[in-house]
Amino acid sequence: MAALSLKGIRKSYDGKQHVLHGIDVEIADGEFVVLVGPSGCGKSTLLRMIAGLETVTDGEIAIGDRVVNALEPKDRDIAMVFQNYALYPHMTVAQNMGYGLKIRGIERATIDSRVAAAAKILELEPLLARRPRELSGGQRQRVAMGRAIVREPSVFLFDEPLSNLDAKLRVQMRLEIQRLHARLATTSVYVTHDQIEAMTLAQRVIVMNRGYAEQIGAPVDVYEKPETVFVAGFIGSPAMNLMHGRLSEDGATFAVAGGGPALPVAGAPGIGTTIATGRDWVLGVRPEHMTPQPGVAQASLPVDSCELLGADNLAHGRWGNHDVVVRLPHADRPARGTALGAALPAHRLHFFDPETGKRAG
């Protein structure tokens, strides 16, 4: 195991336009970090640079006490798990898991021992004699993880490993990856576009956008205190409600742009200090914080539709030219055309600068 250091990492393919812009992060020995963001944000490129599959234009990558910029992937002491399982169809599970060690010249007894240990961890022991075509998608992904485990690397790299699995298997494999990390405590970097994977697996999340690390922090901190409009809108399902508008001179109301209502926002932390009154802002509030509750300021939301999700419902409406979503308990399902008293708890309101996109306060 080893710490992983990324200092000033930049990537350009043509020497002019950069696709990664000065990524700086220190990943502790044994830490599980998730790179999350939309397609094209640079997360997979960064992972490939750590692996040695892409060159570093500027900056330094260190694994443990070794700078690895100039090292081949095989010399970096890393193991990768890919979206595609990349199993040899003519080999058994045991042969697939041990093949990487075999071509490195590791003695047979050591290979057998490591394969047996990994198979026990991943509950693959009954499947060792089978070939990939005889396995389910989840079993194949466990074999791919087993192949990485037997290398006993300093760093695990996961490149969207659950993307090919159905929803039920993704939940199962997330739990298995959590248990695996708890048992092995190996430094891990995991790439995904799925925020649920990011929030449930990570000790720290790096939210990527257009080649920048928009925010780095514990999942709960990123969720509860997003630093930019992008993070606020990307993390969370459904996303945070974001509304452009103007804060009144007395800081008591927020007039939603596009003919929306004047929302009661008095008492929100920072108003009058870090949040200047009498100017434009982007107001954010999460759907679950708008659930009607006694003693909390409310605003009327005309309901356009209501989605039944099982344990709860999502009521949809509009304020001005902004779509608004409110999460409701299972028993509350307002009909189309009715008015919902959407809560606006002052301590749950977020304000962002409309020009820079950065959080106020």
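Even glycines carry a Cβ here, placed using N, Cα and C.
As recorded in Swiss-Prot, the features of this protein are as follows:
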BINDING   G37, P38, S39, G40, C41, G42, K43, S44  ATP binding site
DOMAIN    4-235  domain 'ABC transporter'
Message: Out of S39, S44, which of these binding-site residues shows the lowest number of other CB atoms within 10 Å of its CB?
response: S39
Field: Sorted by sequence, non-G37, P38, S39, G40, C41, G42, K43, S44 residues with Cβ within 8 Å of centre, ATP
entry: H193, M208, N209
Message: Please identify which of P38, G40, G42 has the densest Cβ environment, defined as other Cβ atoms within 10 Å, among these binding-site residues.
response: G42
- line: Across every protein chain in view, the count of C-beta atoms other than its own within 10 A of the C-beta of C41 (ATP binding site) is 24
Field: Under 8 Å by Cβ from G37 (ATP binding site), same chain, sequence gap 6 or more
entry: K43, H193, V207, M208, N209, E214, F234
Statement: According to DSSP, G42 (ATP binding site) sits in coil
Task: Tell me the Cβ neighbour count for K43 (ATP binding site), meaning other Cβ atoms within 10 Å of its Cβ, over all protein chains shown.
output: 28
